[in-house]
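Notes follow once the structure below has been shown.
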Amino acid sequence: MKINYPLLALAIGAFGIGTTEFSPMGLLPVIARGVDVSIPAAGMLISAYAVGVMVGAPLMTLLLSHRARRSALIFLMAIFTLGNVLSAIAPDYMTLMLSRILTSLNHGAFFGLGSVVAASVVPKHKQASAVATMFMGLTLANIGGVPAATWLGETIGWRMSFLATAGLGVISMVSLFFSLPKGGAGARPEVKKELAVLMRPQVLSALLTTVLGAGAMFTLYTYISPVLQSITHATPVFVTAMLVLIGVGFSIGNYLGGKLADRSVNGTLKGFLLLLMVIMLAIPFLARNKFGAAISMAVWGAATFAVVPPLQMRVMRVASEAPGLSSSVNIGAFNLGNALGAAAGGAVISAGLGYSFVPVMGAIVAGLALLLVFMSARKQPETVCVANS
């Protein structure tokens, strides 16, 4: 099988970003103790990262859109590396939060520009699969990077987890340098024209679907460690094992979502959002024993990431005149859902409803996303392809 080196380089970058984004979720109790805050307060570090992605996605994309894509992507990974180093040496909670925000500024633009690059190096009928290949690095991070970072945090200290992740940033920069063509600087974007594209009702509807889909995921995933500790009475070793299993589910779902979205974006969204809603409603009952927890985490992981490629392609297709900006803003929308999901889960916990209600809240959000897809499906084109420019 011929290796597509640009896609491989993008997947390596996605692996690093996935590790730094998701590893704190398995380390919330450890980080909370380390900076002397509550678990819900530590959860706000995840929300802060998500807010940084929202701000950084359009800002960094517009600032770098006239640069050669290789240079832009390497610069974004340099920000990633610096942010993780600063997180590792942060002396207190507020400094750690600011460091996480800095780290997050690369996220949306990397995946946004990366999605356009991925779609441009394959035939049009394989664009969703190409985007899924890049996101495979994100899912593989949950199999290897996140559990390894969790283990480092539990055994050596959470600071070492961030430092090791910074090392991934260096590897990513090297791989991007040698794998992507140098290219030349592009024309400066027509900001008003591209922003006008984003204001279209069908684009806004697609972005809102992304917010709700991601919100459903992060309502539970942000607090996955204490949820498993509460419902399953899980040990740290079992939590780590479940993170690996969730990562396997992510990878399977990402692959299936990309393949099926090549056939039907809306159909793929409907099917997997329904599955996501059902499995989250079942988790409080299934996860009462370790076998049920393992089954539910694997299915939940698959359903969660199966919606990612179609969500990304949906926005890129309805905003094909501004593929880079729309793709980046969609990543920002994903992380707005991240922030809202973390806040929703934290609100459930703070209200005293118990950790068992956290996945139920996630199911409610998934139901809203599914409803929106049904309402807007007739207006969403299935045949528009992403511009390769």
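Even glycines carry a Cβ here, placed using N, Cα and C.
The topological domain 'Cytoplasmic' annotation in Swiss-Prot covers 1-6, 65-70, 122-130, 181-203, 258-266, 312-330, 378-389. Swiss-Prot lists 7-27, 44-64, 71-91, 101-121, 131-151, 160-180, 204-224, 237-257, 267-287, 291-311, 331-351, 357-377 with the feature transmembrane segment, giving sequence analysis as the kind of evidence. Positions annotated as topological domain 'Periplasmic' by Swiss-Prot, on the basis of sequence analysis: 28-43, 92-100, 152-159, 225-236, 352-356.
For the transmembrane segment (331-351), the residues of the chain that approach it from at least six positions outside its boundaries are 39-40, 43-44, 46-47, 49-51, 53-58, 104, 107-109, 111-112, 207-208, 210-223, 226, 308, 311, 315, 357-358, 361-362, 365, judged by C-beta separation under 8 angstroms. Remark: the transmembrane segment (71-91) contacts the transmembrane segment (160-180), by the rule of 3 or more CB pairs under 8 A.
Recorded stretches compared: 101-121, 131-151, 267-287, 357-377; the one with the most Cβ pairs under 8 Å to the transmembrane segment (237-257) is 131-151. In this chain, the transmembrane segment (7-27) lies apart from the transmembrane segment (357-377): fewer than three C-beta pairs between them fall below 8 angstroms, excluding pairs fewer than 6 positions apart. Against the transmembrane segment (101-121), stretch 44-64 has more CB pairs under 8 A than any other of 44-64, 131-151, 160-180, 291-311, 357-377. Contact between the transmembrane segment (131-151) and the transmembrane segment (204-224) is not supported, since fewer than 3 Cβ pairs fall under 8 Å when only residues 6 or more apart in sequence are counted. Looking only at the topological domain 'Cytoplasmic' (312-330), the predicted model's pLDDT averages out at 79.
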